[in-house]
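Participant: Below you'll find the structure I mean.
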């Protein structure tokens, strides 16, 4: 099927085109130079990196073709002499080329002329990769239409007026009961878990969907912080409900502790799927960070909550009432931010410059090869040990970096801040009685945090004092992701809870959000099994990978809908 979307000839100039993977192309190298020369390359994704040696070019001859990656623009330099593994800008080259138009399954010619100049030619054009989205959309739409027609036919065949009337009355009663529950919160959570399953399934192999190598914000980088943030939104609602039922703060805190322990334990179990050797077990992870953040924020908010909040009498008091109620958590939030900044820019890491935020390896022209993450990497290494942290971070294949844990101990500081900011949005729900005042509050905070995050990163990927970085869970990353989350929640709240534009059964993200932990653990355990995961051929096109990831995701959406139909809901 992938032939019709990303078609390429099976053989081209004796090259096996199907041996290429996604975002790969062939590069023919030819030299007319009088002596052996050396080709070096540099990806646009690698910031302030030296060129890396690729291949020696024989004098007046043709080298074996290379297969290179086309996901990002590439820079080529050819040197007269061998510069070692890395080549730097202070050494002059015979020629330099930069290409941003390289495509998957393309064949290109790079020729070094006798006079030392370079020419670049297209031997075979590549294939467009974005048509895969259109093809998968058409297939999914056709599948959903077919399922809808089958469902309608089945209902017509089994039609019973009495049963239909009973179902209608039951649906109306259920809808009236559910109206008290903010469906937008479940929808936001469901949207986050569905997107998490999609990106964890590969996301079709598209670079902009996968996690950024270091600095920057890709689609996958929005998932985890959104999930943490919406957990924070729900904490004040849950605590308020338990207090109103007469539960003591001690019992609430114990329940929060028990849930946090279960989250941490499940995360450890999932980490052991790659092997059960305790000396190499990764200690931290996604659910572990959930457990830590939930414990801190849940207990803190419980202790700071009042059973009977004092209603403000003056208009200006009502305007800042949520801030006043949140003052205890706000003080802790500011203290955590100060602690994070103090350690990040004040801790002296052996062999590293103070305040270093880079990925180490060949970043900054190999000036600090073992300083990945600066203070964050150093603290995690000292607390967890090298064998208990993540060994294959996203920066490793781009920057040749060492081990680093993107869900480590140090990053928990600002993850707690992320959840606290969600908690403030939840307090806004409790304090402000009208939907207009709630949305106004959320959007105002969104603009404020967006400006702070933009200022910290200099409104750029690599600039500013604190770049947006998911691996470090940087302060700018927290501000930007919370800003986006507030906008999305405002839209969902307006259309779902205020306007009721979508019916409960017609918006599957809601059902997914009501069984999020089942979907997360289930997809983590069953990901490599049929029918969720499959291979057809080499799976070397974006279309096939996108189709498999979409299929995997839709199966879990279907499971969530089935569990909702059975009225089965599980939470820790």
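Every residue gets a Cβ built from N, Cα and C, even glycine.
Summarising the annotation, TrEMBL assigns domain 'Heparan-alpha-glucosaminide N-acetyltransferase catalytic' to 181-302. The transmembrane segment annotation in TrEMBL covers 131-150, 188-209, 215-235, 256-274, 286-303, 323-343, 408-430, 442-461, 473-496.
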Participant: Hey, which bits of the same chain come close to the transmembrane segment (323-343), Cβ under 8 Å, at least six residues off its ends?
Facilitator: 297, 300-301, 303-304, 306, 309, 312, 317, 375, 379, 410, 413-414, 416-417, 420-421, 423-424, 427, 431, 475
Participant: Out of 188-209, 215-235, 408-430, 473-496, which stretch touches the transmembrane segment (286-303) the most, going by CB pairs under 8 Å?
Facilitator: 408-430
Participant: Could you tell me what the rest of the chain brings near the transmembrane segment (256-274), counting residues at least six beyond its ends with Cβ under 8 Å?
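Facilitator: Long-range Cβ neighbours of the transmembrane segment (256-274): 281-288, 290-292, 294-295, 298-299, 302, 521, 524-525, 572.
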Participant: Go through 131-150, 188-209, 215-235, 408-430, 473-496 and flag the stretch with the largest number of C-beta pairs under 8 Å relative to the transmembrane segment (442-461).
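Facilitator: If we count Cβ pairs closer than 8 Å to the transmembrane segment (442-461), 473-496 scores highest.
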Participant: May I ask which of the stretches 131-150, 188-209, 408-430 has the most CB pairs under 8 A with the transmembrane segment (473-496)?
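Facilitator: Result: 408-430.
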Participant: How many helix, strand and coil residues does the domain 'Heparan-alpha-glucosaminide N-acetyltransferase catalytic' (181-302) contain under DSSP?
Facilitator: 93 helix, 1 strand, 28 coil
Participant: Take the domain 'Heparan-alpha-glucosaminide N-acetyltransferase catalytic' (181-302) and average the pLDDT across it for me.
Facilitator: 93
